[in-house]
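Under the heading domain 'GST N-terminal', TrEMBL lists 1-81. What TrEMBL records for 88-210 is domain 'GST C-terminal'.
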Amino acid sequence: MSITFYFNPMSSAARVQLTLEELGVPHEKVFVDLQKGDQKNPEFLKLNPNGKIPTIVIDGQPMFESIAIQIYLGERYGAEKGLWPKVGSPEHMQALTWLCWAQVSLCTPVFTYMHNTSEQAPAEVRNARQAELALAEIHNNLRILDARIGEAGNIVHKEWTLVDADVSSVLEWGLYMAKLDTSKYPNLNAWLERAGKRPANLALRAQMGG
Ligand SMILES: N[C@@H](CCC(=O)N[C@@H](CS)C(=O)NCC(=O)O)C(=O)O
C-alpha cells in the first residue's frame, strides 16, 4: 500500500489529515504552497484538474474531493480498526448520510453566513438578510445534530467513527470562523470536547504548531 497526501494545514485538507491520523495508516505528505500556486503546476493538475487540495494518490491512483476521499479511506482501512461501519450495514447508511449532510447541509449555510458577515468581504457584497436566513438554518442544523448525538451517543452509533472525526473538525472550524453560540446544544458541546481529546486530534494540533 502506498499513500501520498497533498495538503496544506490551513485548508480543507486538514479534515483528511485528521482521518489519516485516526487511521494510523502510513503515508507520505507533500506540502502544497497555495500562495505560490503549487496547485496549478501541470504535474499537479494531472492528479487533480481542479488544481485544489486535498488530493491523494493511493497505490498510484489519484483521487480528489474530500468527501470521496473520506469514504474511500473509511471503507478500505477504517472497518478493521472499528472506525467505519461494515459496508452495507444500517450503520454504514448512517455514516454516508451524516458525512454528506455535514458537507452539504451544514457547511453551505456556514459559508453563506461567513461571506455575508466577514469584515474581509467588501461591504457591498454583504447582505444582512442572507446572513440572518443562513444563521437560522445553521441553528436548525445544530439542533438536529445535537439531538442525533443525544440519541446515538456519537453520530453513527455509540462508538467514535471517522464521521465524528470529520464532522467535528469541520464544525470546530465553522464555529470558530463564524463565532457562533452553541450554548443551547449540550450533547454537541460534550461531543466536541471528546473530539478535542482524541489522540489523532492532539497529534494534528502538534503538527500545526499548537
Ligand atoms: N470541494 C473540495 C474543495 C477543495 C478546495 O476548495 N480546496 C481549496 C483549499 S480549502 C484549494 O485548494 N484552493 C486552492 C485554489 O483554489 O487555488 C473538497 O472538499 O475537496
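In case you wondered, yes, glycine gets a Cβ from its N, Cα and C as well.
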Residues in the domain 'GST C-terminal' (88-210) per DSSP class, helix first, strand next, coil last, are 94 helix, 0 strand, 29 coil
Counting by DSSP, what is the helix, strand and coil composition of the domain 'GST N-terminal' (1-81)? 36 helix, 17 strand, 28 coil
